[in-house]
Amino acid sequence: MSQLPRRDPRQEWIARNRLHPRHEEVLAALGQGATSEWPGPNGLMRKNPHRVGFIGPNGIKRIDRSGTQQGAGGGKASASVAGHKPLTEIAEPAFLVAVVPDMTGGRLSGHDKDLLGLARRLADADPAAQGAVLAVVFGSHKETNLGEAGVDRLLHLDSPEIAGYAPEARVGALITVEQAWTPRHWLLPDSKLGGGELGRRLAARLGERPATGIWQVEADAESATGWQCTARGAAGSLDIRRPLPRIALALAECAEPVSETRHTAAELVLPQPLPSTLSRIQDLGQVSVDPASVALSEAEFILAAGNGVRDWDAYHRAASVLGATEGASRVAVDEGYMPRDRQVGATGTWVTARVYIAVGISGAIQHLQGIQPCEKVIAINMDPSCDMIKRADLAVIGDSTQILEALVTLVSQAREEKRDAA
């Protein structure tokens, strides 16, 4: 009998159709479980209302709108599982899958974590020939949980030659990695933050034909590489399928981030020094940009105001001093205090900021949905029981005007001290 895996098209169709009466049954049979949320075709997160919440002690279902309770198991169970992830150590890998994350701001972005999840799939596909994920990180970084993101080996390159915008020097460093370990796959984010350009330069140097705009990778026994990838083409209007090449540039949400295992992230050292390259590019530093001109969907630091703000001049002054992009709740927009394009939430703009400060925002459900992807949320509010306080990673209870004035004073003093020291 053939050992090739057999696929049931009907079961796959039911698994994709969340309204089918046998949807959860088929998911359980396929080992996927029932999903509580998933990204929709336009990028918005969809939630299954039957999988949100938890059963209270009196048997009544409770729904926590702050986002701390997810799925049917509740937040405590999730936290317990996260604290006891099994540690996976691969002493002698059969091959390497190299990942070059963007590391914007010195930390892994959501795009980087998706890419590491894809690398983990490629490395763990064959238990008999286990691979390892090698992360090549340029410059200083602040990450302390690279192992939880799925990294088995870490190569940290931090030298003046590759600091800043230095694509030629960085490609030379990647060529050295290629000569030292010859990874089976090279994965880079297809982004405007450096990964897209670096991946194309690397492919040209190695003479490889890369795949760009990848959003899906599936196992394929008939493919020469064992994998089939689907990429965006024709300005995003066409899907192109081809065998997965050695160099792949993937989009965000190309795979699920690693969440169930921990890895060692053992540090490696290049066997030879980095080659000296004559760069034809001179990095003159970053160009200062007015935060007010940055679109909310692209902003990394947002200071949002709601109905609790009484002194709008103080709010605008704080946003200017902090260098934050201004946002607003629906109430503030409806009252005419902020323009419509500054509205945050499911009825406005979905934001993915690294830091989101909510000033005087109680936290309507549509607003909480819009800030769900934000990494750190800080709430300034007079009501300690509002939903935004429950959602926030850091909460400050008090008058927003006084708190913003004190914050502006501290930032101004710190800048003056730094200027005097220089």
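Even glycines carry a Cβ here, placed using N, Cα and C.
Here is what Swiss-Prot says about this protein:
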type	residues	note
BINDING	329-330, 343-347, 360-367, N381	FAD binding site
REGION	61-80	region 'Disordered'
Fewest Cβ neighbours within 10 Å, where candidates are the binding-site residues S329, T347: T347
Of I361, I365 (the binding-site residues), the residue whose Cβ has the fewest other Cβ atoms within 10 Å: I365
Listed in sequence order, residues with CB under 8 A of Q343 (FAD binding site) and six or more positions away: G327, A328, S329, R330, V333, T349
Other CB atoms within 10 A, centred on G363 (FAD binding site): 24
Cβ contacts of G345 (FAD binding site) (under 8 Å, same chain, 6 or more positions away): S329, R330, A364, Q366, H367, L368, Q369, G370, I371
